[in-house]
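S.K.: Here it is: the structure, laid out below.
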Amino acid sequence: MRILGIETSCDETAAAIVARDEAGRGSIVSNVVRSQIAEHVAYGGVVPELAARSHVTHLDAIIRRAMEEAGLGFEDIDAIAATAGPGLIGGVLVGLTTAKALAASLDKPLIAVNHLEAHALTARLTDGVAFPYLMLLVSGGHSQFVLVRGVGQYARWGTTIDDALGEAFDKVAKLLDLPMPGGPSVEREALKGDPKRLRFPRPLLGEDRLDFSFSGLKTAVRLKAEALAPLSDADVADICAGFQAAVTEIVARRATAALQRLGSDAPEIPPVLVVAGGVAANRAIGGALRDAADRAGARLVIPPAALCTDNGAMVAWAGAERLALGLVDGFDAPARARWPLDSEDMGARNAA
Ligand code: ATP
Ligand code: MG
Ligand code: FE
């Protein structure tokens, strides 16, 4: 089957076509992403109303390009999938409404995709990972461990009690006047810096839980930057290196604890850790997770960076996985600003 996937939940306007064969293997036929970053730079962050308007302006052309690059016509598509949440509601409405219009006019099924489920299932598209597996989702809006038992079957093992990890990267970049998006900027600076010069706190790390807290760390970075001002290039690089060292240690130690819990609480589940979301593109964090997984005797899967950050292929793939189970949605499917992975609704959809 071939699925068209549409992603508009934040500041990427994206469309892709993904194929899924009888054996459940996926392949990307086309994948077009348009970043809106340049439109938001002047405001220092994503402006929801501007994002929604920009999706309106560009989505049709992005879908057309995805179709052209695939060399397909709409008659070759089996279903239309779009992110229905969570995300900035104006943008979600643009993508979901477009998908409904396409599905209605073409008389094809609609799949209203949970954006977090799309991140969660990407490793099955890229690496053919089998259910069940442990996932670490680290993105702009989320930081959580989730046990992925199957499509629609998610149990959350830990989450952030304040900021998401990607959000912390973005805020650190902003206070250091580094370009958006913040994560890649901080990573770039950190490579030039000394990770040992400035030591930042590792919140919650002493506690026996799988939760995260990044807001105190972000404040510590701000106070240090204020104390050192005016900042030299070396100061900026050292702050980034120190911050990245702190979050890398936090994430790796938590991953070790999560894999330990997997071994003790669910020994029947093979030790596989999938990393998803934009922060999975960070090489320092990826490297530390690789070491942690090796020590725990676990398999680590991190999809290619371009499929960790927001894209249409992950949405198309989640749509394909759901369609294969007969999980389609009505035209009354709502756009949602909030939609936790472990909400009742995901299970109900799965059971339907
Ligand atoms: P969510 O998926 O939670 O709704 P989102 O869709 O905005 O949020 P993603 O697109 O998955 O998030 O990821 C974007 C986030 O990833 C941003 O916060 C960005 O700074 C961060 N990020 C991207 N690349 C890197 C990197 N190399 N290092 C650290 N962070 C990164
Ligand atoms: Mg984005
Ligand atoms: Fe995302």
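Going from the start of the chain as shown, residues are counted 1 onward.
The backbone N, Cα and C atoms fix where each Cβ goes, and this holds for glycine too.
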S.K.: Among D294, D310, D329, D332, which residue does TrEMBL name as a further Fe cation binder in the site formed by H115, H119?
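M.R.: For Fe cation, TrEMBL names H115, H119; of D294, D310, D329, D332, the listed one is D310.
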S.K.: May I ask you to find which of N31, N282 TrEMBL records for the substrate site already listed with L137, V138, S139, G140, G141, D170, G183, E187?
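M.R.: Same substrate site in TrEMBL: N282.
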S.K.: Given the binding-site residues L137, G141, G183, find the one whose Cα is closest in space to the Cα of H119 (Fe cation binding site).
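M.R.: Comparing Cα positions, the candidate nearest H119 (Fe cation binding site) turns out to be L137.
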S.K.: Suppose we screen the binding-site residues L137, S139, G141, G183, N282, D310 by Cβ distance to ligand 3 with a cut-off under 6 Å; which survive, in sequence order?
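M.R.: The qualifying binding-site residues are S139, D310.
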S.K.: Which one is closest to D310 (Fe cation binding site) in space, judged by CA to CA distance, out of the binding-site residues L137, S139, G183?
M.R.: S139
S.K.: Same chain, not part of H115, H119, D310: whose C-beta falls within 8 angstroms of the C-beta centre of the Fe cation site? Give them in sequence order.
M.R.: E7, S9, C10, T83, L116, A118, S139, G277, N311, M314, V315
S.K.: To the nearest whole angstrom, what is the C-alpha distance linking L137 (substrate binding site) and H115 (Fe cation binding site)?
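M.R.: The Cα atom of L137 (substrate binding site) is 12 Å away from the Cα atom of H115 (Fe cation binding site).
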